[in-house]
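Peer 1: Just dropping this structure here.
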Amino acid sequence: MQIIRDLPALRATLGERRLAGDRIALVPTMGALHAGHVALIEEARRRAPLVVASIFVNPRQFAPGEDLDRYPRRERADAQMLEEAGCALLWAPSADTMYPQGFATSVTVGGPSEPLEGAARPGHFDGVATVVLKLLNQVQPDVALFGEKDWQQLAVIRRLVADLDLAAEIVGVPIVRDDQGLALSSRNAYLTPEELAAARALPRALGEAAGAILKGQPVEAALATACARLSEAGFSAIDYVSLRDAETLAPLDALGERPARLLAAAKIGAARLLDNLAVAR
Ligand SMILES: Nc1ncnc2c1ncn2[C@@H]1O[C@H](COP(=O)(O)OP(=O)(O)OP(=O)(O)O)[C@@H](O)[C@H]1O
Ligand SMILES: CC(C)(CO)[C@@H](O)C(=O)[O-]
Ligand code: BAL
């Protein structure tokens, strides 16, 4: 696997492959890779012969006081995992390459970026949209893959790509979970074994709430029970447990015709965890 860190080299390499007629798939990541990322690479391989992964811990999507400095960085192990998964090229720019001196542009997506994560982490989706637009311009992939674990991020990126007439097809990949249902996440590494065991209450609470809503329990009551379950399990701060339109992220107080999604974010130990689940009749 080739590792490229500067833009002229990336453009030259990908330009040659594009001329040769190869389709290109992009898997953007922040590194500290796990089986969830491998699933994205595997799906990318099914869709294009040339798979590019990026690793960039994007400072612009972290608010002051968040975990930018301690976010796990382990490029050597990541590169090995990517190579074994069949990734051909790792794009690993430095912060100066991504944001050279004088950089002054920020991309704001409205609509689905405003509630939930947008409210809990002001500026976060501006950072995500800015870097994802840059990555799509740098790599110019035919297809780019993102995990459903970050459901709202995926909705924001779909909106960005549609609104700015970008050519890449955006593909969402289902959440990879451990054997007890916890969504894999790089930030799970912040948890002690006891906290990890307690964190499994998150998917359980969402599953229980989805089941109750489908059986006709009022949404508000089902969400309140889910919050109580999380508190009992030791989650210290529950940012939201909410039923939303799956595409627009508008709040729902009942199931309707359009796809609905339960989304949650809550803190346990030193990690703030996200999860989500379809609620379908
Ligand atoms: N368990 C998972 N299943 C499917 N996709 C995932 C999973 N975890 C992460 N991804 C996806 O991998 C891509 C890169 O994510 P990232 O590098 O931030 O990892 P992460 O595990 O989500 O980290 P974090 O703990 O910071 O949220 C994103 O599109 C993300 O949605
Ligand atoms: C999409 C992304 C790579 C942008 O930095 C990041 O938000 C992530 O890893 O989900
Ligand atoms: N995968 C989500 C990226 C973030 O929390 O910044």
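Any Cβ shown, glycine's included, is placed from N, Cα and C.
TrEMBL does not curate its annotations; it predicts them automatically.
Feature table excerpt (TrEMBL):
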type	residues	note
BINDING	30-37, 147-150, Val176, 184-187	ATP binding site
ACT_SITE	His37	active site, proton donor
BINDING	Gln61	beta-alanine binding site
BINDING	Gln61, Gln153	(R)-pantoate binding site
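Locate each feature and note its surroundings.
Peer 2: Here the Cβ of Glu148 (ATP binding site) has 18 other Cβ atoms within 10 Å, regardless of which shown protein chain they belong to. According to DSSP, Glu148 (ATP binding site) sits within a helical segment.
A C-beta separation below 8 Å, combined with a sequence spacing of at least six in one chain, links His37 (active site, proton donor) to Val27, Thr29, Ala53, Met81, Gly147. Secondary structure at His37 (active site, proton donor), as computed by DSSP, is helix.
Spatially close to Gln61 (beta-alanine binding site) yet at least six residues away along the chain are Gly123, His124, Phe125, Gly127, Val128, Val131, judged by Cβ distances under 8 angstroms.
The Cβ of Gln153 ((R)-pantoate binding site) lies under 8 Å from the Cβ of Glu117, Phe125, Val128, Phe146, each of these being in the same chain and 6 or more residues away along the sequence.
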Peer 1: According to DSSP, folded down to helix, strand and coil, what is Gln153 ((R)-pantoate binding site)?
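Peer 2: The three-state answer is helix.
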Peer 1: Which recorded positions out of Met30, Leu33, Gly36, His37, Gln61 lie by ligand 1, going by a Cβ under 6 Å?
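Peer 2: So the answer is Met30, Gly36, His37.
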Peer 1: List every residue in the same chain as Met30 (ATP binding site), at least 6 positions away in sequence, whose Cβ is under 8 Å from its Cβ.
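Peer 2: Looking at Cβ-Cβ distances below 8 Å from Met30 (ATP binding site), excluding near sequence neighbours, one finds Ile55, Phe56, Val57, Asn58, Tyr71, Ser186.
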